[in-house]
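First comes the structure, then the notes that go with it.
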Amino acid sequence: MAKVQVLNVAVLDNPSPFRNPFQFEITFECMEDLPEDLEWKIIYVGSAESEEYDQILDSVLVGPVPAGRHMFVFQADAPNTGLIPESDAVGVTVVLITCTYRSQEFIRIGYYVNNEYTDPELRENPPIKPDYTQLQRNILASNPRVTRFHINWEGSAERMEDSENVDPSSNSMLPPSCLPGKAPPIGILPDNSMDCL
Amino acid sequence: MKLLKPSWVSHHGKPIFSVDIHPDGTKFATGGQGEDSGKVMIWNMAPVLREEDEKNEDVHKMLCQMDNHLACVNCVRWSNNGLYLASGGDDKLVMVWKRAAFIGPSTVFGSSSKLANVEQWRCVTILRNHTGDVMDVAWSPHDVWLASCSVDNTIVIWNARKFPEMVTCLRGHTGLVKGLTWDPVGKYVASQADDHSLKVWRTVDWQMEANITKPFNECGGTTHVLRLSWSPDGQYLVSAHAMNNSGPTAQIVERDGWKTNMDFVGHRKAVTVVKFNPKIFKKKQKNGSSNKPSCPYCCCAVGSKDRSLSVWLTSLKRPLVVIHDLFDKSIMDISWTLTGLGMLVCSMDGTVAYLDFSLDELGDPLSEEEKNSIHQNIYGKSMAITNTEAQLSTTIIENPEMLKYQQQRQTSTQTNSAPGTVGPESSAPKLNSVMNGESLEDIRKNLLKKQVETRTADGRRRITPLCIAQLDTGDFSPALFNSVPILPSGSSMSNQLTPHLSSDSSPGQPSSLGFRPSHDPMLTSPPANSLKALEDNNEGVKSTLLLTSASKIEPIKALDSRFTERSKATPGLTAAITSTKECKLKEDTSSDSEDKMASINKNLMYSKRKPELMIDGGEVVEKRKKGRPRKEKMTTSMVQSFTQVHTVSVPPSAVAALRLPTPSTQKAFSLQVSMEPSVFLEVENEVTVVAGSKLSQLRCSKDGRDWNTLLPSSTLESVDLIAVASEDRMLSVFSSCGRRLLPAIQLATPVSALHCTAHFVMVVTAGATLSVWSVLIQRKRYTLSVFINTSVSQSLLTQQGVPVVGLSNGKSFCFSSSLETWSLIADKADSLVQCADFRGCLSSHDAPVSSGPLAVMQGRYLNAGRLASRLSSTPHHMQQSMTLAFLENQLASALTLQSGQEYRYWLLIYSRFLVNEGSEHRLRELCKELLGPVHTSATTSWEPTTVGFRKRELLREVLPVIGENLRFQRLFTEYQDQLELLRNK
């Protein structure tokens, strides 16, 4: 069973200028004392086209984690704009928060991110080379996509026979709500967890 | 019969393997396959029962879902008390769930609100032992044990009171164990397995009682589950899949000899589940039919792989109803409501059906009492059904007396718990906030700045998360003690304490006044007033109140300061006595004069302090109160008693180690001893000078009769027996009529304190000698020289004439006449008192004895000790032995003090504690001591009485306490019988 349940993720400083760091306030609950740290990552999907544009903005160890309810703020710098294809700079993309325990990912939280110019002028006529200083990042905080994976929480003595974490099936709790049509297919997500797109 | 298939109860089309209705009938749980895990869901029963609730959007249908099981959940079962839910699954685990009532999320993060968990059920324990899929779980009657069975061929019995403790593992099956059922009386647990056997295990020694194989020889291991069931009357055990002449049956196994002569026939495929209705029924009496009492019968539902369900009454040869094609796949589980009229059935096809029966169809369910009488007829006195709280449900009560006490106890606990009944919510685990008064918002504002971030050796960021709440499920409680206190603010510790303390020291509680009056606002405030009153009186006529002091009245300030500084001296005693008397007064009389008495009492005390005279006002008042109603008796007894009094004791003057303060004399004073009948005691020193010698006058007026005595000297002490100590170390004792009872006693050193109780007179002299004279028995003399380096801060004479002294080091001693030594009875610094926790053993019936000498000497320290125990985190066994030691000390002290009521009080607490803690050896020894030898011989040294009680009477009181714990029923019976025997003699 999952020893760690994510209770809430609050997106702080949102919307914000593109170059501001990401801030997520994560609240989670742990059933029992964890002997090892949790590892959290923020992944910025640079382009819907390919995973190779994914950027791990930062990874952080969280620990020690005794039984109980905890919270922390995960702050990570804005993505390296040099690694983002120019054509994908403006528009909808995805930021992912993942957590792993003993190198096994057990939860993946995805948010849609909309990057657009605040200036109507720019919005009408976007420059060919994106002007990141003018871009505003808006995370659709109200619509997190959560995928949970079963992992082996115990020591490495018994490996999970079924590699559920490699091929997770969809989360039953995903709401069948519709999303902006512009949304790109996101390769990194398990297909079925975003199948409502 | 009504039939309903609530389509909304589903696991998204996945199989539902188990269903169980909560004992309170308001919800039910299902277990089965989830999307990618096992799934347990909790549903609201109301929409199943009522159509309007089903249509009402505001009535939640699903209350909670738990995806924690990694693989398919095969069984869900509510505990009998409804607090817990146990689930077992293919992940080899048994999980125990408990309702959590905390601020938690109303929604699962990332899910839409529609699927919110209305109730939060938290896994409190994971039971790991099985090495294969767990197929069935079952709570024993009264939730003493939880049994689980598995395809690893074993059955594990868990201690349901101490999860995850394992009681035993039952081995013997050679195939997958697929079903479990407890005997309703709790003597057996039965299991059915794929090894073609049904085994019955005894709960006494966890050995196999019976191994039934014959009906199962032809069976193949084709069913997913084999859920067998025991009838509510305990007479029949009905198996799942059995074969008879190559036809599938449900085998009926009789408890009597485990005979297998009958079966339920008719299903075309293997029987997967059998479930008895929890009720026993009797035929509905129809109008006009004969009143012939019909035989009670049971009702049983059988579900099969053939997708059909049959319901049988044991009184009928054919099934009551058979329902075909209710499901598309095999029936997996059945659950009855506790009322016996509703039933939920679940199937592998992922649906659930509800059946609603009427009384006409099933018959009249027997009440619990009727069910009991059936149990009693069959098994003798069984508590298993009657007593929902029974600690050892498995035990059959062998003794009717025992049963009586058990039932009494039960009813009393029921009535006690009734008003403040706590629902499962309040007792559910809570998350304790550890935020130290800060609101969550405050924390969130500064979280980024405040959170601790470090770098690991390899340069990675590491954040220490802020703990905002701790789990309080029992398992985590130690953490609470070690970490930040879970109190709303830093100062709350004292806040929490004070209400207890203040309630303990409320004016109505005499015991709280027992010690250290100088620190007690209760006592320090009145003197000023009373002194003012005194001064007023001083000028006027000698009023009813107190003394007029001719000598210097010390300033109030000085007096006050003395009260605060000189805590060691007599005020402690007087305060103690006063409080004692207050209490006694309250017991004796109900008139409001008692309050006046008390106040007078106090005034007396303070006024007396002022002139530094030892007037035992409290005693006087008490005597008066007692004396009035039975004056005659008193007087006569007085007269008789005085004859035996011996004369002077000459204390060893060599004892110089201890010097006690002596009161100084004053010219004249009077005191009113009581209002009604008004009694005054007046002393006037140096009344007349006759031939150069001074005379003092002692005048006592009572009921208008006055008597006067002339004394040659001038210190005074008064009581009912009126004792007067004079400056020239002479002690005189008078009766209440003023008759001189003793010749003047010559004391070696001046008197320091003087007490009279009943027919005892105690004198503490400045030379550290303590003497007690009795009017009935011989004079006793004790020396105080034992207590070096301390001084006597308090002295007291009990009704039995046992002298008690409180020393300045906080210890109190009494003189044990039998041991001829001083024995310790109270010690303020005693850590045992601090840690003893016997609150659970305090009976509501016995009012705490607060007036006895023991209580007076121990005073509020007892209460403080109770508080301390609440705050300390002493390990249980330590606390247990400390409490035991403390209680035994109390008993011994009460015995030495010859304080009968207190002895009885502590004896009952002690025995209750022993019963609770299960100390059979001590209990037996105690009983043995109280019972004494049954056959008396010349050599027996056993005393039939102790401190005024007949020991066997005490035993008679102790026995019901023992009777409350079934474990001691042998002990109970043993002594009960012997007592009866002796009584008949």
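Every residue number used here counts from 1 along the chain in the order it is shown.
Just so it is clear, glycine is given a Cβ too, placed from its N, Cα and C backbone atoms.
Taken from TrEMBL, the feature compositional bias 'Low complexity' applies to B:406-415 (among others).
The annotation compositional bias 'Low complexity' is assigned in TrEMBL to B:501-514 (among others).
What TrEMBL records for B:1-362 is domain 'CAF1B/HIR1 beta-propeller'.
Mean pLDDT across the domain 'Protein HIRA-like C-terminal' (B:738-930) comes to 70 in this model. The feature domain 'Protein HIRA-like C-terminal' is assigned by TrEMBL to B:738-930.
Residues or ranges marked as region 'Disordered' in TrEMBL: B:406-432 (among others).
According to TrEMBL, the region 'Disordered' annotation covers B:492-533 (among others).
Remote same-chain partners of the repeat 'WD' (B:66-98), defined as residues 6 or more beyond its termini with a Cβ less than 8 Å from a stretch Cβ, comprise 15, 17-24, 29-34, 37-42, 121-128, 130-139, 141-143, 146, 148, 150, 152, 158, 160, 163, 224-225, 333, 388, 424, 427-429, 473. Summarising the annotation, TrEMBL assigns repeat 'WD' to B:66-98 (among others).
Under the heading repeat 'WD', TrEMBL lists B:127-168 (among others). Through the fold, the repeat 'WD' (B:127-168) approaches residues 71-72, 74-81, 84, 86-96, 174-182, 184-186, 189, 191, 193, 195, 201, 203, 206, 225, 227, 384-385, 387-394 of its own chain, all at least 6 residues removed from its boundaries and within a Cβ separation under 8 Å.
Annotated repeat 'WD' per TrEMBL: B:170-201 (among others), in sequence order.
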DSSP-assigned states of the repeat 'WD' (B:127-168) in counts, ordered helix, strand, coil: 3 helix, 22 strand, 17 coil
Number of helical, extended and coil residues in the repeat 'WD' (B:170-201), per DSSP: 0 helix, 18 strand, 14 coil
